[in-house]
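Novice: Here it is, the structure, as structure tokens.
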Amino acid sequence: MALRVCVTGAAGQIAYSLLYSVAKGDVFGKDQPVILTLLDIPPMMGVLEGVVMELQDCALPILQEVIATSDEREAFTDIDVAMLVGAMPRREGMERKDLLKANAKIFKSQGKSLDQYAKKTVKVVVVGNPANTNALIAMKCAPSIPKENFSCLTRLDQNRAKSQIAGKCSVPTSAVKKVTIWGNHSSTQFPDAMHAVVVKDGKDIQASEAVNDDAWLKGDFITTVQKRGAAVIAARKLSSAMSAAKAICDHVRDWVQGTADDDWVSMGVISDGNSYGVPEGLVYSFPVKLSGGKWTIVDGLAVDAFAREKMDVTAKELVEERDAAFAFIAD
Ligand code: NAX
């Protein structure tokens, strides 16, 4: 049976990398047929037609069908996975609250459509910013779908953090494990290497020992990861796209296929009020283990005063975003 996978923002730059990876089997396996449903807004239908042509021209063996549409019902009907990449971009002169309002409207509508048309088992990853709060809105507007099926992407931040540590220790990224991103996918996020492990000369050692530079781990490491998106924009004049697409593939692949026993990943998931002092009812990025298509928050990690302060700052921002966004969708 083919899996139905919806990608929104399908005419955009992240989707341009993402669609190829999904359609060639990077996420669900090289033998798993997929049907892609591509959603974008009506003015982008011409561009989307070009993307469809290119997908056809890739002649990919597992790509069974491509449906391009601006109709949420057509895009979401019976889907197994939703990659919600499309969002209203921040335009010049736009205040943060205007951006929140425009996106609250989009994710309210998409949440309702998921509720009505998608499979109840659908797995949703929200990428479009503000990703955590957009995921929360979609979840709230889709009460018939379990809350656990909604997530937001912080895997790009995790990959960035992993790569920074690997570079510092002169090891491949595969040798860095248990890196955590806490909180919001914004500049308040807390990239945390305190529990991370680096494999060096065949042995697992604490990242703090392998890095051997506490000032860096508590300073430049954190700010580099927090500001990496802005650095890419400054250099490329466009926001991260190839790396974002790769991270979406990593996120969904691990959700479906599971994490390794000796590692965890970060994803934005609903907080239950019982984990690490994070208020209930936020989509907050936690360290999670994945198995059988389900996530569990890694518990029992020690949180020192330094980490506590950073985890609270990002939680506070998410509470403010949530309260503003909920006021908008109540209209
Ligand atoms: P683009 O502007 O290239 O593409 C976005 C696409 O979404 C456009 O084609 C647009 O027409 C479409 N769109 C807008 N409203 C829509 C709607 N209601 N339904 C369907 N499609 C709609 O942006 P791109 O670079 O692809 O980035 C997409 C989103 O990802 C942005 O919101 C961006 O901020 C966010 N990002 C999130 C990241 C994360 O880690 N969570 C990292 C990368 C990226 O910055």
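Note: Cβ is positioned from N, Cα and C throughout, glycine not excepted.
Below are the features I grabbed from TrEMBL:
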- His185: active site, proton acceptor (ACT_SITE)
- Asp40, Asn103, Val127, Gly128, Asn129: NAD(+) binding site (BINDING)
- Arg90, Arg96, Asn129, Arg160: substrate binding site (BINDING)
- 4-150: domain 'Lactate/malate dehydrogenase N-terminal' (DOMAIN)
- 154-328: domain 'Lactate/malate dehydrogenase C-terminal' (DOMAIN)
Novice: Summarise the domain 'Lactate/malate dehydrogenase N-terminal' (4-150) by DSSP state, stating how many residues are helix, strand and coil.
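Specialist: Tallied per class, the domain 'Lactate/malate dehydrogenase N-terminal' (4-150) gives 67 helix, 27 strand, 53 coil.
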Novice: How many other Cβ atoms sit within 10 Å of the Cβ of Arg96 (substrate binding site)?
Specialist: 13
Novice: Ranking the recorded positions Asp40, Arg90, Val127, Asn129, His185 by other Cβ atoms within 10 Å, which is at the bottom?
Specialist: Arg90
Novice: From the recorded positions listed here (Arg96, Asn103, Asn129, Arg160, His185), select those whose CB sits under 6 A from an atom of ligand 1.
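Specialist: Listed by sequence, the hits are Asn129, His185.
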Novice: For Arg160 (substrate binding site), which DSSP three-state class applies?
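Specialist: Its secondary structure by DSSP: helix.
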Novice: Considering each pair of residues in Arg90, Arg96, Asn129, Arg160, all listed as binding substrate, report the largest CA to CA distance in Å, no decimals.
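Specialist: Pairwise Cα check on Arg90, Arg96, Asn129, Arg160 gives a maximum of 25 Å.
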Novice: Using Cα coordinates, what distance in whole Å links Gly128 (NAD(+) binding site) and Arg90 (substrate binding site)?
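Specialist: Cα of Gly128 (NAD(+) binding site) to Cα of Arg90 (substrate binding site) measures 11 Å after rounding.
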Novice: Could you please provide the mean pLDDT value for the domain 'Lactate/malate dehydrogenase C-terminal' (154-328)?
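Specialist: A mean pLDDT of 97 is what the predicted model shows over the domain 'Lactate/malate dehydrogenase C-terminal' (154-328).
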